[in-house]
């Protein structure tokens, strides 16, 4: 018989039915004690169809026991766990508020396509605090419990009418995943949009998986949409590759510092992300209180009270909202879209100085000793477009471009065609209003980007390069442009990721690819400015064939380059310069990922700078690739043990 409001369920009295999810139905209830004492709770009753799944029930019980031990201000506490009439349930803390996904929907109806920046940052910061608490729990013997939520999304974040932020369903996600993979192999319905790259690849997860998911939530709060959307196969592939638009592309008014924080949380490689939710939350707190020093949870509370005024009124409740907040709301109601950037933002793009001051590096960022250091020097000189001038890319047709003011301005002010590679006359430039009806080639993108680079408008060039990557992620030329532009802004981590993608996507022997590798090796990751200017001047003035001629003259394969980078990394390591060894060691792995010695030298370098997780990953790869008699096997095995 179905339960109804007013029924007694064990020690609890059901007050109202709230909904049904993938694994449970939810009730608002109250614990009835002696002398009429009551306590509001939330009951999650496992659905009947799960009752006979022994593996699921076993894992559910195990995980529920762990989640019941969690007690933190940003985690909805589990008070009780048991079984009534053969059905398992959880009794949880009742949060007087709304799920975050409902907050987003209501805000959109009120004219806010995304949340205000300080509100979004505060919510993500509070999520990080709750997650870090759970990630660092230990048992009575001091052993880490290894708790990972695995299912962070707006559905599992509650925001209260007093401004509190609480994560729910800790420990349940693991059991839910088991059931989900049984019913739909490879995908948990509705959750794949928040999967980290390692989850999409079916790998083991750790705390940094929750860092990624928190980044996805913050992305949606700030941009009004998810980084990747679409059918599961396409989404999973793009997530696994880390292919999505930077948040600043969708929200041009987003401050650079916040854009970089978010991109770091969403780094495809785990060792490039924040090492913990604490580090991510600390960075968000630094941004929030340096830019909004008087921000408090009450702003979040006022927003909730305003958005859900009708619901509160129906319950006979009238929570105060100050007049000053209502005035602030008017500024937040401007619809957010890349097609409607703020006027002053467009103006600033058009008057960008030839050498704008680079953004301040984020505090706490690991020392960036990667290959984009060379590119950073080049673009700082304003002469790094040697590779970009050789963009004789094959005509790869893209999907239609989004209808954006930025792109219209590109078409209204056509850039002067580069001397070395004039745009082919057979490809007409789209006109006003034609973006959605005519395909645009990679070559069109590159010509437009070069034009804005020539005008020193690097902001618009970056927007277009990002869109080029999003529209056609397999085009190496788009990756190369974006890598160099990111280096121009000193975003070396993002530059590194796109440079890796460029090398990975370009075929061995490709002139631009080989020339890029040659430059990094010859410059030793720190090119002499005078030599670079001379070299790049030659490459941009002469025919595109010069890169091909230079590459052919070298005659080196990826394996040859890998040996050279490996030797250089070993030389640095021998002199105790382990940070300097990272760049060539990573290039060695990138060029020949099946080379055991490359993983060995990279593992040794990480080990020496106390990056234990990264070191272990490469040591394990070394052991899986190295032959049995390899002299380093015993040493590496001992380190891992």
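Yeah, the Cβs are placed from backbone N, Cα and C, and that goes for glycine too.
Worth saying up front: this structure is predicted, and the values here are computed from it rather than measured.
Look at TrEMBL and you will find 45 tagged as ATP binding site. The number of other CB atoms found within 10 A of the CB of residue 45 (ATP binding site), across every protein chain shown, is 21.
The compositional bias 'Polar residues' annotation in TrEMBL covers 344-357.
Marked as compositional bias 'Pro residues' by TrEMBL: 414-428.
Feature annotation from TrEMBL assigns domain 'Protein kinase' to 12-288. The average pLDDT for the domain 'Protein kinase' (12-288) in the predicted structure is 86.
Per TrEMBL, region 'Disordered' is recorded for 337-363 (among others).
Taken from TrEMBL, the feature region 'Disordered' covers 413-439 (among others).
DSSP gives residue 45 (ATP binding site) a strand state.
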